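Trainee: Can you keep this structure in mind? I'll have questions shortly.
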Amino acid sequence: MHNQAPITRRKSTRIYVGKVPVGDGAPIAVQSMTNTRTTDVAATVAQIKALERVGVDIVRVSVPTMDAAEAFKHIKQQVNVPLVADIHFDYRIALQVAEYGVDCLRINPGNIGNESRIRSVVDCARDKNIPIRIGVNGGSLEKDLQEKYGEPTPQALLESAMRHVDILDRLNFDQFKVSVKASDVFLAVESYRLLAKQIVQPLHLGITEAGGMRSGSVKSAIGLGLLLSEGIGDTLRISLAADPVEEVKVGFDILKSLRIRSRGINFIACPTCSRQEFDVIGTVNALEQRLEDIITPMDISIIGCVVNGPGEALVSTLGVTGGHNKSGFYEDGVRQRERFDNELMIDQLEAKIRAKAALMDQSKRIVINHLEK
Ligand code: SF4
């Protein structure tokens with residue numbers, strides 16, 4: 001692994017979304033959101049379970065109606081991951097899902113209505129230990145702020161967020177996190193920077209409506225990459241017009257790239273050229289699919305020839321360097337006598353990676369047991 005200075009995280013308070021800690025140095029939680037009809041309980045549960053399989057920490061479910069609140073009750077009983085209910089305007093829905101064990105309410109107190117409604121939601125959240133997420137979005141900024149600033153600006157998003165924060169402050173409620181999302185990368189980044197200086201609560205990061213799989217991933221990586229590398233951000237969601245499972249994978253890939261949080265395999269592969277001695281692209285694609293279940297953090301380098309292969313293999317958990325008919329194999333930076341047959345590369349490498357992951361998991365368990373004694 002390459003050495004690098006660790007990122008100093010912004011200091012914040014901590015909340016708990018169900019059992020998942022958010023803020024105050026806790027691992028940055030990766031979230032996603034279901035896109036099934038919440039009233040379709042079976043489809044929504046199936047999607048949440050698919051998200052659980054790729055390691056999601058928290059899932060948001062929109063609850064637009066009382067029927068959806070009833071469905072939420074049944075969904076909640078069938079999944080393990082903490083659930084956030086996304087609610088707009090109707091405070092009664094918030095009270096209802098609180099009864100059904102919701103782990104966090106995504107509701108903006110300034111949009112609930114009169115003081116007694118706000119109070120009833122906040123008192124309920126306090127009684128049941130349910131945190132709130134304030135979510136400001138550049139696309140739905142209050143009309144008066146749009147008029148004041150002319151367009152969504154970082155100051156406008158900040159002012160909008162602080163209106164909701166001030167309401168919770170006034171009610172002595174501090175168990176909340178805040179997001180100031182925008183589809184424009186620079187608008188979102190600057191808004192989060194301003195907000196990070198104003199409050200001590202955890203921040204939920206996202207570039208909203210970022211786009212499809214490719215463009216949305218790029219925008220999110222740039223925006224969240226800037227913020228995370230400055231230590232800003234305690235939980236994140238990648239908003240893609242794609243399968244929510246992809247949002248989780250991209251979220252972990254961003255954290256992995258910044259070496260903030262490792263989960264699963266970090267593949268290092270060359271772009272290939274005429275020097276490649278085996279099918280690098282086919283190998284990487286096949287292994288990425290086959291090894292989705294591996295959660296052990298590992299660096300695996302798959303390099304087509306000796307130009308860059310040995311150098312990358314030296315700093316990888318396992319590495320392959322393309323050779324004529326047979327390719328060189330490295331473990332923990334040490335060249336092994338064993339070589340892979342280029343034709344059998346995928347199967348042989350998969351077996352090696354699985355065996356190494358099992359060994360690393362076992363060593364970790366031994367260390368933990370020792371420390372607990
Ligand atoms: S490592 Fe070798 S095969 Fe891969 S891109 Fe570089 S020169 Fe080409």
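Even glycines carry a Cβ here, placed using N, Cα and C.
Since the structure is predicted, the reported quantities are computational estimates derived from the model, not experimental observations.
Not my notes, these are from TrEMBL:
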type: BINDING; residues: Cys270, Cys273, Cys305, Glu312; note: [4Fe-4S] cluster binding site
type: DOMAIN; residues: 13-251; note: domain 'IspG TIM-barrel'
type: DOMAIN; residues: 266-354; note: domain 'IspG C-terminal'
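Each of these features: where is it, how hidden is it, and who are its neighbours?
Mentor: If you take the C-beta of Cys270 ([4Fe-4S] cluster binding site) and look for same-chain residues 6 or more apart in sequence within under 8 angstroms, you find Gln276, Val280, Ile302, Ile303, Gly304, Cys305, Asn308, Gly309, Glu312.
Over the domain 'IspG C-terminal' (266-354) the predicted model carries a mean pLDDT of 95.
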Trainee: With the [4Fe-4S] cluster site defined by Cys270, Cys273, Cys305, Glu312, which remaining residues of that chain have Cβ atoms positioned within 8 Å of the Cβ centroid?
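Mentor: Surrounding the site, in chain order, are Pro271, Thr272, Arg275, Gln276, Val280, Ile303, Gly304, Val307, Asn308, Gly309, Gly322.
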Trainee: Just name the winner among Cys273, Cys305 (the binding-site residues) by count of other CB atoms within 10 A of its CB.
Mentor: Cys305
Trainee: What count of other C-beta atoms do you get within 10 angstroms of the C-beta of Glu312 ([4Fe-4S] cluster binding site), across all chains shown?
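Mentor: A 10 Å sphere around the Cβ of Glu312 ([4Fe-4S] cluster binding site) contains 20 other Cβ atoms.
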